[in-house]
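Visitor: For reference, Swiss-Prot lists these features for the protein:
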type	residues	note
ACT_SITE	122	active site, cysteine persulfide intermediate
BINDING	268, 269, 270, 271, 272, 273	Mo-bis(molybdopterin guanine dinucleotide) binding site
């Protein structure tokens, strides 16, 4: 399967330099940037997440979609950075505004509201309850089979989509891949759940995800660096992505949710060698 993809360039503002001690001397070294992003809906502050700057609009859209606050881009009029140059926090506030004639349900916003800032490592911290999340997951249909070769191709694309990691060693990455093996969206972030929100948000804007997606085939695979936790499976299921591939292990709750949601969950992927923890029949396998 063809997996050629030009290596992506690092987004502006994603890399900083700091002085470090190395081999008895002081040198300048590249480090990944981590800054807060406040997400608002129609001016109402909803959440603050620690993220790496870049694709902030996609991050906000993907976050709201995964939370069930928006059903699709049809709900959204504009997504803008707030403030003026020189103001404290300029560029670190995104305001998602409702489309004309439509208002996002405030009660739905309150149901998804987080009581504490969202760290880069936690995609579900502060939510009212895990049970509330489970109630919003609808099992995916079996659909068409997916070739194991697509999983391997997705991981190759993932490896080519990490320019900031190559410079800093400090970021996670996610990529959405179509059934034809072509990349739909890729992103890096200090938080793995943020990287997933970014690619889902990009796919939403491109018309590839959502209830009215019609711009092209839906994503068939989400490939992620690091482990596959509960929040990764939840976000993939919300976006209708049938297969998740991770370079590392899933958690027990991720496996349980994947089985309940009809998502094929693959871990420790090395080429076409992998552990399949849930719904292996989609890959032509028998078992979990």
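Every residue, even glycine, has its Cβ placed from backbone N, Cα and C.
I'd like these features described in context: how deep, what's nearby, how far apart.
Guide: Remark: residue 269 (Mo-bis(molybdopterin guanine dinucleotide) binding site) has 151, 152, 155, 223, 245, 246, 247 as non-local neighbours, by Cβ distance under 8 Å and separation of at least 6 in sequence.
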Visitor: Relative to the Cβ position of residue 271 (Mo-bis(molybdopterin guanine dinucleotide) binding site), how many further Cβ atoms are located within 10 Å?
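Guide: Cβ-Cβ neighbours of residue 271 (Mo-bis(molybdopterin guanine dinucleotide) binding site) within 10 Å number 12.
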Visitor: Would you count the other CB atoms within 10 A of the CB of residue 273 (Mo-bis(molybdopterin guanine dinucleotide) binding site), including those on all shown protein chains?
Guide: 10
Visitor: Cβ within 8 Å of the Mo-bis(molybdopterin guanine dinucleotide) site's Cβ centroid: which residues qualify beyond 268, 269, 270, 271, 272, 273?
Guide: 151, 152, 155, 274
Visitor: Look up residue 271 (Mo-bis(molybdopterin guanine dinucleotide) binding site) in the DSSP assignment and report helix, strand or coil.
Guide: coil
